[in-house]
Amino acid sequence: MESSVNGVDSLSEVQNSVSGVHHHDPLPSGTPQPSRPPLRASRNYDGGHQTKAIHHHNSHVINQKHSHQEGKTLKQEGLPTKLSSKQPPLDDSKGCEPNGVLESEKKRVVDNHGKNYSQPDATFCASPQNSFYSATVYSEAKESFTNTEVSECASVDKSCESEVANSSDFNESRKTSICRASTGSDASDESSTSSLSSVLYKPHKANDIRWEAIQAVRTRDGMLEMRHFRLLKKLGCGDIGSVYLAELSGTRTSFAMKVMNKTELANRKKLLRAQTEREILQSLDHPFLPTLYTHFETEIFSCLVMEFCPGGDLHALRQRQPGKYFSEHAVRFYVAEVLLSLEYLHMLGIIYRDLKPENVLVREDGHIMLSDFDLSLRCSVSPTLVKSSNNLQTKSSGYCVQPSCIEPTCVMQPDCIKPSCFTPRFLSGKSKKDKKSKPKNDMHNQVTPLPELIAEPTNARSMSFVGTHEYLAPEIIKGEGHGSAVDWWTFGIFLYELLFGRTPFKGSANRATLFNVIGQPLRFPESPTVSFAARDLIRGLLVKEPQHRLAYRRGATEIKQHPFFQNVNWALIRCATPPEVPRQVINLPQTEKDLGVKPSGNYLDIDFF
């Protein structure tokens, strides 16, 4: 989940401080409203076909700073050898957000999407007609499609906030991200946040038993508080908080609870980052992204209750592989799901900026979930339908270029086209006699190409210095300003590390690594052996000039059309068999030593170039 961080509180301090605090009023009074479970009554099925009502919103999410009392610190206490599940009632009504109500309570988006068939041994998948790619990914960017239009070429007008780098915080740890420009100047422009409105109903988790458990407790006790959860184990800690395995009292459901000390966040000027992460989590509804079940605040802590992934992260899983690298088949599975996650985020105007194996978690069914959004950048995006010319189809790549109805696994031939996906208006008006005289390789002339959806925030610009040293894009290191192309650079580094067991530009120290990223060419080791397609994809992604980088203009669509993914059925990717399914046994710590995580304490201020 998140790695070591300076100033992390122990598990007992979280629970003991909550039980013994006297409430003051650090924030304007209000009532925090957690996210609600999706209503099954809103799901509408008719013969296997689903309908979706998309409501467009033009309202904005206004960032508001919290007012916190200074000087409140946690009392250092010894860790208990046995965690207690008994906690006194806690009134958090005085420690909520200034507005008191989540955006999700104000905006209802009824989204009757298909079920998430993510069981590793499932024998049934939704039919391609019901789950082809345009229905499973493109339509999920519900509230960001405010200005979708059809044009002859991509006409994407995007704007984003500019962040000024005033200070530097670096961590020598490989697992900890670095962040500069946390002074509060990285607030999003109000006009760029309309796509981040909270989604009340999340169809991808409609049948999740965790929703039922939360609803049962809420019906019985009202608002969820810290007393309703029993913290079992510390899973990890990061720059703005610690993550615990938590069990909802009276149920057998487990969650991952991120606990953040509000006083420390205020002192380190990280409140805005915590708020950004919460708002992003509220807006997500995707099979490979986390679900925020609820969130609440005490006088001291801000807590996010999310999905728990028992499989750990891909970094730990890679360490257990022979040679400490994955097979190419396994890599293709993991990076394909990560690619869809990044595509969805970009459609919402979210640049992730922190992709690395440590942030890719493995669910209980073996599929992945992207985590940690506190470094993400929010910006505006204008999804555009672009008419594709026949020239795009006849280029020498030798693989299909159209998503949705054209199978990506074969060359443009008659048997590649699904007749059910086309209506007569897509066919040419020539007679059958003329059509029969056409050779097979001219089939593309008979079909009007489907438009492509371009939703890449290419004009987004930020001056922040954020990320992990080995994954930083050259434009970030140079301080030239960066946009969505940084996610495709990190995607290339991520692909390289999974295939070869190490990153391509790692130096003897962090400073040497940064110089290698800027000045050293990309090299591949002799072992292990990987396919030409994999190397070619990495070369396209790790181009140092962002404007020449693969996916710079057309986003994930370009990458999905690469030969490396030619055997991927994007429509049914959730039904694919994972390379490895984690064991369901959770080993809980038994001693204080197992629970304690010491802060790294090695933050440095470094001037680059």
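Any Cβ shown, glycine's included, is placed from N, Cα and C.
According to its DSSP assignment, D354 (active site, proton acceptor) is coil. Residues annotated as active site, proton acceptor in Swiss-Prot: D354.
Taken from Swiss-Prot, the feature ATP binding site applies to L235, G236, C237, G238, D239, I240, G241, S242, V243, K258, supported by sequence analysis. According to DSSP, L235 (ATP binding site) sits within a strand segment.
Residues or ranges marked as compositional bias 'Polar residues' in Swiss-Prot: 1-19.
The feature domain 'Protein kinase' is assigned by Swiss-Prot to 229-565, with sequence analysis given as support. Taking the domain 'Protein kinase' (229-565) as a whole, pLDDT averages 83 in the prediction.
Among the features that Swiss-Prot reports, region 'Disordered' is placed at 1-51 (among others).
What Swiss-Prot records for 80-100 (among others) is region 'Disordered'.
The region 'Disordered' annotation in Swiss-Prot covers 429-448 (among others).
The CA atom of D239 (ATP binding site) is located 13 Å away from the CA atom of D354 (active site, proton acceptor).
Distance between Cα atoms for C237 (ATP binding site) and D354 (active site, proton acceptor): 15 Å, as a whole number. Counting other C-beta atoms within 10 Å of each candidate's C-beta, the binding-site residues L235, C237, V243 are led by C237. Counting in whole angstrom, D354 (active site, proton acceptor) lies 17 from V243 (ATP binding site) by their C-alpha atoms.
Between the farthest pair of Cα atoms in the ATP binding residues (L235, G236, C237, G238, D239, I240, G241, S242, V243, K258), the distance is 14 Å. The number of other CB atoms found within 10 A of the CB of D354 (active site, proton acceptor), across every protein chain shown, is 23.
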